[in-house]
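Just below is one structure, and these are the notes that go with it.
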Amino acid sequence: MEEIYANIEPASPKRSTNHTGPRSSKRRFHSVDFLCLGLLSVFLLVGLVTLGVLYHDSAVELSAVKENLAERLQASNNELPSMTGERDQLKANLHEMTEERDRLESLSKQKSGSWDEGRKDCKGRGADLVVINSPEEQVQCDLVCSQMNVKIHPL
C-alpha cells in the first residue's frame, strides 16, 4: 500500500493573500465592537454632562426659591407684632361696641311709650321727631337738614 502513495508529494500549506476568511472577519468584528463601545462611551459622556448641567440649573433655581421663601418668612415675622396689636385693638373695640349695644338695647326697652311722650322728651332736649314714609320725603328732609345744619339720627 505504500507504493500507491509513494509518488505523492505531501501537500504544503499555501498562504492565502485573500483576507475574506475567518481571520479577517474576526478583525472586522473587533473593529465593530470597538466602534460601538466608543459610541456608547461618547453617548454616556454626553448624557452625564447634560445631567450635570441640569442638576446645576436645578440647584441654582432651588437656591433662589429658598432665598425667596426666607425673605417672605422674615417679612411675615416682621409684620406679626403689628398684626397682633391690631387684632387686640379690634377685640377691644368689639368688646366696647358689644357693651354699647347692650346698653342701648336696655335703654330702648326701658323707654317705651307713645309718640307724644317721645316727642315731648325730644322737645325737652332741643330736638324733634320726624316720620319719613318715602324716598322722596327722605331727599327733602336731607335737603332741609343740610341747609339748616341739622343732623338726623335714624332709629
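Glycine is no exception: its Cβ is also placed from the backbone N, Cα and C atoms.
Some features that TrEMBL has for this protein:
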COMPBIAS  14-23  compositional bias 'Polar residues'
REGION    1-26  region 'Disordered'
REGION    98-120  region 'Disordered'
TRANSMEM  32-55  transmembrane segment
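Long-range neighbours of the region 'Disordered' (98-120) within the same chain, counting only residues 6 or more positions beyond its ends whose Cβ lies under 8 Å from a Cβ of the stretch, are 128-129.
In terms of DSSP helix, strand and coil, the region 'Disordered' (98-120) has 19 helix, 0 strand, 4 coil. Below 8 angstroms of C-beta separation, not one residue of the same chain at least six residues beyond the ends of the transmembrane segment (32-55) sits close to that stretch.
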